[in-house]
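**Student:** TrEMBL lists these features:
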type: BINDING; residues: E78, D148, I150, D151, D294; note: Mg(2+) binding site
type: COMPBIAS; residues: 372-384; note: compositional bias 'Pro residues'
type: COMPBIAS; residues: 385-405; note: compositional bias 'Basic and acidic residues'
type: REGION; residues: 351-405; note: region 'Disordered'
Amino acid sequence: MIPLPGQPVLPYNKERTVAISAVRRACIVTQKVFETLVNTEFITKGDESPVTVGDFAAQAVISAILGNVFPEDPIVGEEDAVELRKNKDLSHRITALVNEGLTDERLFYEKEEWGIGQGYDIAPREVNDAIDKGKFEGGNEGRMWTIDPIDGTKGFLRGEQYAVCLSLIVDGKPTVGVIGCPNLPHRTGKPEVQKGYIFVAVKEQGSERLTMQGYDPTIIAMPTVHPSDLVVLESVESGHSLHSFNARVSELLTVEEPPCRMDSQAKYCALAMGRGHLYLRMPTRSDYEEKIWDHAPGTLLVEEAGGIVTNSKGGPLNFGLGRTLGKNSGILACGSWVYPKVLDAVRVASRESRKRAKSREAIRAAAAAASTPPPNVPLPPPPAPDKRPVQGDDKENRPEADVKL
């Protein structure tokens, strides 16, 4: 937490405090974008993921602050300014948003020397340069920051869950993680409920939940529940994770509760708070490599809350390989108390999946060799469709669950 006068200063306290400020201000920008701009204003990247003006502005805010306070630290960011340098009108609009975030009134824990507060506007060229600081290729030595300015862009465009994510990685290990979730909780129907939280974790110092202003820290920890009461957290988009695989794992664990689907690293936050108990993300493509900024802060948050995060084979996530986790084979995150059972279930489901794939390949190969499909040899059935009800479904068939805090 932010130390009061007379309190001891813990390791990485400055990094923690600056990160909270940077994420808070980036969240101000993203909220402003959603409130004032048409939500179809986005650029489509090569991987077909949309990038809103909020992505550029939020990354620029965070990068500018980090550059002022920790000028020697490299940054691994999701976006670059190539498109902005070609489009002066867009660049000037994003600059105006960035300056709203940077010049917002300072709170008691924020410092003028961080380059924030009234009078600290920056020019379009400086905005573009700040965004392009995020081109570092990563590695397993020294310090580096990762920025995911809007994790869950589609959720953001829908007005649902997204997250502004920042982490400090030291020698390949996540050491400070901050995640801003402006839309948690979602659709509570209770206007008095606090909306929007910042989640913070520091290695060996635990995990906390704060207000969007960075106040009122609350320690969070993962509870234990009966296996049948486990709530599985998974992505809204079926293209991001194999829902059918998750359904099979749930069946093996005798889970009775429907899954909770939401975008972004908000899933890690829900897991750390105990609003969900198991997060599974199995790749839908064999060649896909997870980005380090998509998991570094969330991994630390869950681990410091008492959980375990590994790949689907039980190995640790390696954040020192570069900008991705390499051939990582999925993400498994849950409480330490249930981890052995979950890992066993994932292994069984994986073996079943490989066996089905091998049977199909053998039949296809035989059919190709004979030039005609073999008669009366049915293909093995595909995995059963995911027919689980989803928490939060309503009359509008909205896929995202309500996370009650």
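The chain as shown is numbered from 1 upward.
Glycine is no exception: its Cβ is also placed from the backbone N, Cα and C atoms.
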**Student:** So if I measure Cβ to Cβ from D148 (Mg(2+) binding site) and keep only same-chain residues at least 6 apart in sequence, which ones fall under 8 Å?
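**Tutor:** The answer is E78, A163, V164, C165, L166, Q265, K291, W293, D294.
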**Student:** List the residues in the vicinity of the Mg(2+) site, defined as same-chain residues other than E78, D148, I150, D151, D294 with C-beta within 8 angstroms of the site's C-beta centre.
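**Tutor:** Counting only non-site residues, the set is I147, P149, G152, T153, A163, C165, S264, Q265, K291, W293.
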**Student:** Taking 10 A as the limit, how many CB atoms besides its own sit near the CB of I150 (Mg(2+) binding site)?
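**Tutor:** Here the count is 32.
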**Student:** So for D294 (Mg(2+) binding site), how many other CB atoms are inside 10 Å of its CB?
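**Tutor:** For D294 (Mg(2+) binding site), the count of other Cβ atoms within 10 Å is 24.
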**Student:** Give the residue from the binding-site residues E78, D151 that has the most other Cβ atoms within 10 Å of its Cβ, counting over every protein chain displayed.
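**Tutor:** Most Cβ neighbours within 10 Å: D151.
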